[in-house]
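A short worksheet on the structure shown next.
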Ligand SMILES: Nc1ncnc2c1ncn2[C@@H]1O[C@H](COP(=O)(O)OP(=O)(O)OP(=O)(O)O)[C@@H](O)[C@H]1O
Ligand SMILES: Nc1ncnc2c1ncn2[C@@H]1O[C@H](COP(=O)(O)OP(=O)(O)OP(=O)(O)O)[C@@H](O)[C@H]1O
Ligand SMILES: [Mg+2]
Ligand SMILES: [Mg+2]
């Protein structure tokens, strides 16, 4: 490695929340211009470590040096002043403000577009923002409201804001990206990957992702965290994905393959979609899903597949066409009706739509299908707890406490509960999954995938909007490629074997 | 068990040391209410009995429960209540009766609540007749306008009997004696000067300078109304009449503001009401009078009010001197509650609305 | 099944000290959340009793309870609406309208009048709920509008004057005149309703649904909770308890008027709900504690009178005490956002 | 360097981006619907009222409406800022009472006493600022919801006014030039209204061109993000409450001046006029969305309505019903097109 002064050097950083040691003595150095990957399971302490570097948390012990000088961050302001910019795991833009304002959010009064007395010089502000955006190859109009932007563009704005940060001597910033790609589609990730690659000209980068292939492509070096400790630090050339998986999770990755089977000739599909259309979203989409089969729908973010999946669940209306469940066309479709008919849905926006975070795990699990846990509208907590405990044990939910509010669980564990909520149904005919693995670490992903397979094996028809094409190819029996609201291609994986390249070609 | 257990205190005379005077007012910032308090204070000083003020803050519930709270403290209460709403009277009277105190209610009570039927603890209901007040104003306005013209009316809170009686008196007198005067419109203004101001602005916009006269149910609203006419430059050509002769009304009349805009007023004072009310109850408490032996008109009483015109204004200025309340109390103790100038008993209630 | 096997070697229930740590703080919170409102009320009562010993002996509690009764009933409905994350600014006006209608009808239709009135006010509440749920408008603005409508209805039906119960009001009046341990039945009515609502929130699917809507409405919609009907029900119940408040008003006063008893219940009732620990942002309500909230809110003005605080200073004291009490009883989670 | 063999094919993403920009453009115009509908509603009201009473559409009545809009406009600017934070300020009537009373007692009035001249304004505005500051402090430091803090401060303000008022006679302004200052016209417009216009313009500039204004919007949109970005959240919130307090105080002075007499309840009715005006204007009670000019529209809609109802002779008993019904109709109409089964409206 180089002899340059590291942009940041951590020594023995520690932090605990109550009795939880979230970060236990981490030391690391990052050289200028380096792109470093940081991986680890959900709850390994990645975000916490980054929050220390960005001044949000104050460590219980250890030292931080920036460009060779020891620093103490009392708050995010200090970190920003020292040249640490961050894209947080959760989206952190003001959607009611313009792109320029968001990019220039950390500009101090008296600098750039913000006058000394706090007056805005919009022209200067917009120019500065456009300049910064140009550095990462974005041509966004700085006057656009962030609320009107797509996810990728928002992410670009976040990155622009992060690199807008400068060190005191005008030196290069350290840019921290905490899972910037987890909410993005495959193609969007491609855009972002390209830009992140270029960031090494702007500064150094710490990049967190659960997608190991991505980390391998973008980064120079990979750090692996486990249970609050840094357990590996390797140049990417020296590791393989499988090795990283083993380091993170502590066991071998297991390639699980499904036994795909074609439906019988006279079998009636569980779900049949006929010429379904919604203006501005999707147009004339038809497909069929049989019991025990999984149809993966792939497409870019404008392809209309989200709206389609929501229509199946009755969450959004459609204009024309038909949805048939077990041969019968649905009418006046709504969520309560869909649920009654045996449709389940795992939304992509887990925290907002997928669960009621303020209720306990047990309450969430039985909110939709009270089944035996309620009689005549009266709850039976005993039954409920028993059911919940069974699922907790089966899905290895951690912590194993069914009376904890669901918002206190990690993302992966939340997703297990959200999925279990539907699996408790006695007559689950159709399960619609919108990015069920979003933000999950590979270990948790495996458990969730196993549950999806099990549901299939039990005769449920599944519609899956996968995060990646690889996932779609691995899990699906059928693949529908959507482009600009139309079903552009259909592959039956029992018969065909398309490559990711084939799929991409059809998507664009 | 029952909360209405006690059957009410018999009219046993109470020693002066065990008494407390209580004056309940609707708020403390209206000049009439402030005057109520001044009268109670003067009497308390004179009789050397402690005084507590209840501020109802415009709320019946606050009024009732604060009075009950004071009753609960055990001292025998001599109470004057300027009721927030007439419907509060029965509840208050019952509570006082149970606690063995003595109460006079002023201004508002339901017509069918008869002190004689309740017993000695409800010493009296007293008021100044609203119909008379309305008639006084109608005469003043009618004369000032020479029997022709257009008038707008600003009543108080709509469901207040005080306002209703004044409105009825005013309308009846106008209809009877001044057929040439048209009442253009009524806009209840809730005893509120702001609302008097705003409603007057809108009425000016609606009728312009065709409005010749404005009647308000009290001086607070008239203050607002006059200000609106002044701001519109119409004060000099409009005549006003109202009830209460507030100090700033006197000032306006004396200065001849707006080409002698104020043509008619009525005179009565808050301090007189509270002093008379409290003193009547005090006499009952100390056994100097026995309510059940009083004639009906002294239980449900109407007191004289004086019609005031710019010419007779001088007769009343003495009552607003610094020592006005003290002097009145002295005279009250000398002459008794029913015979003190300028507010002598003129007859019994309930007040009859014209035409009914 | 082998998916399970694949992960069996992972540390199960690993970092479990976390559970203890994460829960200890909230637990202290929860205890205070439950005992805070009664403790505050009792402490204030003790202070008042110590300063004016005669007050409590003279039936002070009866007075407080009687004046708390209508506040409590309106506050309970408000608490439910707050629980689903909305607010009902019209329910006090509904109570007044109910009282006027009751006073008008008691003599003509007799004992069924209360039932008829309860039905009418429940429909008034339901109307709010239907508009909020199906037109999807913010409840604050909507109920501000219906507040105007219901107030006007009260003014017009009463003929802008006081309506006295001519006859047939004995049974209703008995609710105020009769007491258990010296506390009038009107208050006990509120307590019974509080307990029922508490049980509803805790032990029924409807209650769970309400909590879900209050905590995260989107999540509730996607969980197939009938969020719209739940809103309608919450607002209907708000109208219903306002109707019960109307009965207590008639029981106490025997009459009703647009500016008389019960015409100023809105803000005290909201204050009572919040002093009783109801979160203004929804999802946290304990109807039992609303009882103590109402008692506290009723106690403050009574105490200022009992203590003989200068009349001029009473509204200042009221303002300060309400802020202080809420500051004491509120549940705060670190870093949480207060609006 | 990285192993390039695993890189994906360089995806051509232009089609996606074009489509996204189209969507963005479409949504950009979505925000215009509401103000346009409001203006339309206003036009309808004006036409209807003019038909009902020709005096409605006269210059004199316009002046009258402008005069009546003065106080709600001034208070509305502060209320909008507070609501943009996602909070609410119920204390306006109390603050108006306290400031108005302080002002008149320190100006040339019938009670005599001090006449501080222009300094009376400073003191009275300082009273407003102080009450706003206390609200802000309790709200941000003790984390009591603004709804309750300002409810309490409402009573506190009334209490201050009551104590200042004391028990003597009503203080009235003795200087006619002072008492008619607000209603006198310059260029045909009432002075008070011109002041309100000044306040509105300052408010708009504050919100558009200053860090204070932009941070207010940011906090209203998402306070958690604002905090983690190291913004001075508590300071800004407190400052907004101070501004609102000062504006309520100013409105109290104007109202007192218009009346020519001191009254603790000089603010009566302002709150339930201003909050609906802000809401009708389309400023979201959740914070972050809306603006002062929208509130101006809302204030004018309500002022025209109340004036028009009197001019067209609607019975006073029905006035609150008609206003209420129009408020309901306005918000339902505004929300109708956005109805969607997933939309959340609290
Ligand atoms: N503010 C906090 N209070 C208590 N515990 C916390 C807090 N923040 C994080 N933790 C705990 O610290 C541990 C590390 O969490 P962290 O968010 O850093 O994980 P992560 O590696 O970023 O996970 P993910 O991949 O899901 O983003 C977890 O057990 C988490 O529950
Ligand atoms: N969140 C929900 N809670 C309860 N019921 C719901 C919910 N969503 C939908 N419904 C029910 O489903 C039915 C149809 O819903 P909705 O009216 O939204 O359909 P739509 O036709 O798509 O809407 P729109 O009429 O606006 O086009 C309604 O009758 C409603 O009762
Ligand atoms: Mg993380
Ligand atoms: Mg429909």
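Glycine is treated like the rest: Cβ placed from N, Cα and C.
No curator has checked TrEMBL annotations; they are predicted automatically.
The feature transmembrane segment, as given by TrEMBL for the ranges D:212-231, D:292-311, sits at D:292-311. Counting Cβ pairs closer than 8 Å to the transmembrane segment (D:35-52), the top stretch among D:261-280, D:292-311, D:317-336 is D:292-311.
Tertiary proximity for the transmembrane segment (D:147-167) is limited to same-chain residues at least six positions away from its ends with a CB under 8 Å from its CB atoms, namely 87-98, 100-102, 105, 127, 131, 134-135, 138-139, 262, 264-265. Sequence-distant neighbours of the transmembrane segment (D:292-311) (same chain, 6+ residues past either end, Cβ-Cβ under 8 Å): 34-35, 38-39, 41-42, 45-46, 48-49, 52-53, 55-56, 61, 64-65, 68-69, 72-73, 76-77, 79-81, 200, 203-204, 207, 273-274, 276-283, 319, 322-323, 326, 330. Contact count against the transmembrane segment (D:187-207) (Cβ pairs under 8 Å) is highest for D:73-106, out of D:73-106, D:261-280, D:317-336.
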